[in-house]
Amino acid sequence: MRSDLQHLLITPAEMTAIDRAAAQSGIDSFTLMRNAGLAVTAAALRHFPDARRFVVLCGPGNNGGDGYIAARGLAESGADVAVFVLGDPARLQGDAARAWSDWSGPAAPISAFEPQAGDVVIDALFGAGLSRDLPDDVVHLIERVNASGVPVVAIDLPSGIDGRTGEIRGAAFATRHTVTFMAPKPGHWLLPGRSLCGTLKVFDIGIPARIVSAGAGSLRLNAPFLWAGWGGDLAASTHKFKRGHLVVFSGDRQATGAARLSAAAGLAAGAGLVTVATGKAALGINASHLTAVMVKEIDGSRELTKWLQDQRLGSFVLGPGFGIGKKARDFALALCDRSLVLDADGITSFQTNPGELFAALAKGGGQMVMTPHDGEFARLFPEIAGDDGLSKIEKAQAAARASHAVIVYKGADTVVAAPDGRAVVNNNAPPWLATAGSGDVLAGIVGAHLAKGMPAFEAAIAAVWRHGAAGAKAGPGLTAETLIGAIPPIS
Ligand SMILES: NC(=O)C1=CN([C@@H]2O[C@H](COP(=O)(O)OP(=O)(O)OC[C@H]3O[C@@H](n4cnc5c(N)ncnc54)[C@H](O)[C@@H]3O)[C@@H](O)[C@H]2O)[C@@H](O)CC1
Ligand SMILES: Nc1ncnc2c1ncn2[C@@H]1O[C@H](COP(=O)(O)OP(=O)(O)O)[C@@H](O)[C@H]1O
Ligand SMILES: [K+]
């Protein structure tokens with residue numbers, strides 16, 4: 001499978017349009033269905049050579065059609081095959097009807113299926129066409145199969161997972177393997193869908209890459225080629241100012257550690273210089289804990305404005321441990337014409353009047369990366385967060401549009417979205433990143449990227465990827481401190 005297609009995320013609606021475009025270009029749609037079904041036959045035989053029986057569960061659409069082809073392929077290879085159907089196969093249409101008529105073996109209703117030891121289930125109930133919650137009989141079937149522990153291979157998507165959102169519509173198979181076609185869908189990588197797909201195989205059924213690419217929108221799976229040109233070796237002529245100067249604002253005496261974590265991460269991620277800007281009360285504490293990172297006393301807005309005349313200050317991180325309130329708002333508003341990472345308390349400070357921030361950013365013309373977790377996201381974008389019809393991707397996109405900022409919507413399936421609609425889903429973050437200070441480290445890496453001149457979207461996606469890679473390298477038991485030491489070079 002071509003790697004550029006592997007990194008496209010295609011929504012079910014886009015995939016339907018791509019199918020149509022393929023048919024209009026003269027490609028025979030039944031050939032595509034046969035290629036899909038036989039890919040599943042091959043995967044099932046490869047993964048389960050010792051299966052006693054393959055049980056193919058076929059639904060009312062083209063996903064079911066793929067299932068009949070897979071069943072026939074398995075039977076022709078000599079395997080024991082049983083087919084169970086949802087609905088009346090006589091009502092199937094088009095390619096699925098033809099696939100059904102080519103399956104000349106017996107078929108029983110799904111209610112008759114009792115999982116047995118040695119069974120391998122091929123799930124062809126629903127794929128991209130799932131459009132509402134599953135009926136009770138299907139929910140009960142899925143629960144029975146999941147409880148039995150028999151392995152499941154899903155065609156396209158585990159039935160019950162919404163391909164657009166990754167949400168479970170009543171119940172979903174927990175599968176060992178999922179075989180999808182041409183490109184992954186958002187539901188394969190957004191949670192909870194991701195946790196139910198098992199290993200994901202993307203199979204090329206023969207739709208030309210140009211048709212797939214032309215029909216794809218602006219969603220991608222995060223990967224280094226998306227920020228190609230921003231990594232690479234340092235030139236001999238490089239000096240520290242060329243690598244960029246990052247500023248991190250410290251909180252008060254009792255909350256200085258978060259800023260130092262961000263600052264240390266920014267330095268490790270490649271900023272040439274890093275300064276912790278601190279109020280007078282915390283100056284001594286910060287100074288006594290910092291070595292390569294510099295310290296600058298900035299008490300209030302007036303001093304900040306004066307200092308900002310230095311245009312070599314390339315980027316700013318505001319929020320980690322900073323404290324919630326007017327000072328955070330004043331500082332953020334003063335930075336709306338610069339490159340700013342707004343995190344944690346910086347985000348929460350605008351809870352009661354987010355519009356003030358968004359308007360200042362639109363007016364200031366700077367670039368901002370906001371890094372909310374679920375709670376912070378809901379504080380700043382309550383209506384978007386509360387819209388259950390939207391996927392996490394669509395929520396991040398709506399928030400980016402509303403705020404004019406790049407949104408890093410954090411979590412195990414972090415989504416990064418830009419105001420222009422581009423979005424990526426990240427998939428390299430291990431669960432042990434859920435530790436105090438891990439978000440501060442991420443903010444520092446984003447800040448380092450902005451300091452070296454990366455555009456906000458590329459700065460954010462590269463940071464999320466390096467943060468995940470650092471987590472994987474540091475391993476379980478990492479702390480925010482050890483995470484910083486594991487940040488890999490920008491690739
Ligand atoms: N993308 C492609 O080019 C190809 C797609 N193929 C297959 O086609 C599938 C999509 O086919 P369809 O669009 O027919 O969709 P599905 O087969 O996923 O399901 C559509 C059918 O299910 C019904 N339905 C939807 N939600 C339901 C619910 N909750 N309860 C009961 N019934 C429900 C719909 O009314 C419709 O009859 C893909 O997942 C893939 O497996 C393959 O045939 C190969 C070619
Ligand atoms: N289960 C998880 N799997 C992978 N990454 C996670 C998981 N939970 C949290 N993370 C990541 O860890 C970081 C935590 O950030 P945050 O919630 O701000 O924590 P803190 O404020 O303690 O630094 C984010 O980058 C988030 O995406
Ligand atoms: K399926």
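A Cβ is built for glycine as well, from the same backbone N, Cα and C atoms used for every other residue.
Here TrEMBL flags 62-66, 127-133, ASP156, ALA258, GLY321, HIS373, ASP440 as (6S)-NADPHX binding site. A coil conformation is recorded for ASP156 ((6S)-NADPHX binding site) in the three-state DSSP classification, outside any helix or strand.
Of all the Cβ atoms in the protein chains shown, 25 others lie within 10 Å of the Cβ of ASN63 (K(+) binding site). Under the heading K(+) binding site, TrEMBL lists ASN63, ASP123, SER159.
Shown in sequence order, VAL408, VAL425, ASN426, ALA429, VAL464 are the residues of the chain, 6+ apart in sequence, with a C-beta less than 8 angstroms from the C-beta of THR414 (AMP binding site). According to TrEMBL, the AMP binding site annotation covers LYS410, GLY411, ALA412, ASP413, THR414, GLY439.
Per TrEMBL, domain 'YjeF N-terminal' is recorded for 15-213.
Residues or ranges marked as domain 'YjeF C-terminal' in TrEMBL: 223-491.
Taken in sequence order, the binding-site residues ASN63, ASP123, SER131, ASP413 that lie near ligand 1, meaning a CB under 6 Å from one of its atoms, are ASN63, SER131. Put plainly, the binding-site residues GLY65, GLY411, GLY439 were compared by Cβ crowding within 10 Å, and the winner is GLY65. The residues near the K(+) site, meaning same-chain residues not in ASN63, ASP123, SER159 whose C-beta sits within 8 angstroms of the mean position of the site's C-beta atoms, are LEU57, GLY59, GLY64, GLY67, ALA124, LEU125, PHE126, GLY127, ALA154, ILE155, ASP156, LEU157, PRO158, PHE173, in sequence order. The distance from the Cα of SER159 (K(+) binding site) to the Cα of ALA128 ((6S)-NADPHX binding site) comes to 9 Å. The binding-site residues in question are ASN62, SER131, and the one with the fewest Cβ neighbours inside 10 Å is SER131. In sequence order, the binding-site residues near GLY411 (AMP binding site) (Cα within 10 Å of its Cα) are HIS373, drawn from ASN63, GLY65, ALA128, SER131, ASP156, HIS373. Look at the binding-site residues ALA128, ALA412 and count other Cβ atoms within 10 Å of each Cβ; ALA412 has the fewest.
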